[in-house]
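Asker: A single structure is presented below for examination.
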Amino acid sequence: MSNDTQPTIAIIGYGSQGRAHALNLRDSGFDVTVGLRPGGPTEAKAQADGFTVVAPAEAVKTADLVAVLTPDMVQKKLYEEVIAPNMKQGACLLFAHGLNVHFDMIKPRADLDVVLVAPKGPGALVRREYEIGRGVPCIYAVYQDTSGKAEQFALTYAGGLGGARANIIKTTFKEETETDLFGEQAVLCGGASSLVQAGFEVLVEAGYQPEIAYYEVLHELKLIVDLFYEGGITRMLEFVSETAQYGDYVSGPRVIDASTKARMKDVLTDIQNGTFTKNWVAEYEAGLPNYTKFKQADLEHPIEEVGKKLRAKMVWLNGEQQAAATPAKQQAA
């Protein structure tokens with residue numbers, strides 16, 4: 001490190017997380033450079049935010065800590081062709097997700113410290129909480145400690161993001177990677193979206209209006225999730241009617257039963273043994289044919305057209321939709 005507490009930092013990537021990390025770290029007093037390919041989609045944004053923007057190969061040459069905040073599937077090539085040949089001896093390589101390292105797609109140089117720092121929230125929230133004097137909890141891990149200071153690198157970085165204002169929990173690359181993938185696939189994204197689509201289909205096929213079905217299985221879900229977020233399942237149960245509580249108790253286990261849990265275990269096994277990652281890499285390298293097909297099927301699901309029409313009448317959503325759309329357009333460095 002340049003000194004005991006303030007490493008010079010290169011942020012590679014300027015999407016949702018990259019921008020939040022760079023801004024928070026700079027406001028915490030760190031010397032931050034942003035590494036982006038010249039003419040890339042986020043170069044102008046980083047420059048407008050006041051950062052020195054250089055090519056990734058240049059950014060990593062003098063940095064004490066290099067944070068790789070690009071999409072998972074571009075990281076291997078980026079590391080092999082740009083980072084590894086140029087990163088200075090004894091520096092720290094940081095990731096926000098352990099996929100590439102845990103599954104040996106990236107094999108870090110032996111002289112480097114290798115750590116993980118993952119805020120448990122989207123980039124916009126990481127930035128917003130920091131600006132109002134709070135923070136988003138962070139988890140961190142050490143994969144390779146060559147200098148003996150790798151853990152301090154991770155804690156210093158997490159603190160610079162504002163994580164110490166909330167909570168910082170130690171994990172491992174294995175645990176972070178496998179639990180993150182499982183949460184996305186079985187519950188947060190795959191599980192929730194499939195449950196909503198199935199509920200919508202059941203009601204519409206039974207003759208109920210699609211608009212009513214949309215409100216009941218998708219729109220009102222936010223109200224429930226907000227209560228989960230604030231105080232767990234028990235808080236949600238405190239704020240719904242006794243009828244809803246009873247329905248939860250007797251019907252929830254009929255929908256999510258032992259067979260569902262067994263299939264969730266199968267999903268976890270595929271994650272743990274590398275099957276999911278192997279398939280995802282093959283899909284990406286083949287040009288995303290199945291990914292494109294699956295995505296189109298979701299876009300064409302009847303709930304999307306119904307929702308689009310109903311949301312157009314919810315004028316209070318306009319600002320939220322614009323804010324939510326921005327990070328999705330900033331995925332590539």
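Each residue, glycine too, has its Cβ placed from N, Cα and C.
Fair warning: this is a prediction, and the values are worked out from it, not measured in the lab.
I grabbed these lines from Swiss-Prot:
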ACT_SITE  HIS97  active site
BINDING   TYR14, GLY15, SER16, GLN17, ARG37, THR42, ASP72, MET73, VAL74, GLN75, GLY123  NADP(+) binding site
BINDING   ASP180, GLU184  Mg(2+) 1 binding site
BINDING   ASP180, GLU216, GLU220  Mg(2+) 2 binding site
BINDING   SER241  substrate binding site
DOMAIN    1-171  domain 'KARI N-terminal Rossmann'
DOMAIN    172-317  domain 'KARI C-terminal knotted'
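Context for these features, please: burial, neighbours, distances.
Answerer: Mapped onto three states, the DSSP output places HIS97 (active site) in coil. Sequence-distant contacts of HIS97 (active site), defined by Cβ-Cβ distance under 8 angstroms and a gap of at least six in the same chain, are ASP72, LEU116, ALA118, GLU176, THR177, ASP180.
For the recorded site, VAL74 (NADP(+) binding site), the DSSP three-state label reads helix.
In the three-state DSSP reading, GLU184 (Mg(2+) 1 binding site) counts as helix. Listed in sequence order, GLY190 are the same-chain residues six or more apart from GLU184 (Mg(2+) 1 binding site) with CB atoms under 8 A from its CB.
Look at GLU220 (Mg(2+) 2 binding site): DSSP puts it in coil. Close to GLU220 (Mg(2+) 2 binding site) in the fold, though at least 6 residues off in sequence, lies no residue with a CB less than 8 Å from its CB.
Within 10 Å of the C-beta atom of SER241 (substrate binding site) sit 8 other C-beta atoms, taking all shown protein chains into account. Reduced to three states, the DSSP call for SER241 (substrate binding site) is coil.
Within the model, the domain 'KARI N-terminal Rossmann' (1-171) carries an average pLDDT of 96.
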Asker: If you measure every Cα to Cα pair among TYR14, GLY15, SER16, GLN17, ARG37, THR42, ASP72, MET73, VAL74, GLN75, GLY123, the residues listed for NADP(+), what is the largest value in Å?
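Answerer: Output for NADP(+) binders TYR14, GLY15, SER16, GLN17, ARG37, THR42, ASP72, MET73, VAL74, GLN75, GLY123: max Cα distance 21 Å.
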Asker: Looking only at C-alpha atoms, tell me how far GLY123 (NADP(+) binding site) is from GLU216 (Mg(2+) 2 binding site), rounded to the nearest Å.
Answerer: 30
Asker: Looking at the binding-site residues ASP72, ASP180, GLU216, which one has the fewest other Cβ atoms within 10 Å of its own Cβ?
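Answerer: With the binding-site residues ASP72, ASP180, GLU216, fewest surrounding Cβ atoms within 10 Å: GLU216.
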Asker: Between the Cα atoms of ARG37 (NADP(+) binding site) and GLU216 (Mg(2+) 2 binding site), find the distance and write it as a whole number of Å.
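Answerer: Cα to Cα, ARG37 (NADP(+) binding site) and GLU216 (Mg(2+) 2 binding site) are separated by 45 Å.
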Asker: Ten-angstrom check, please: count other Cβ atoms within 10 Å of the Cβ of TYR14 (NADP(+) binding site), all chains counted.
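Answerer: Other Cβ atoms within 10 Å of TYR14 (NADP(+) binding site): 30.
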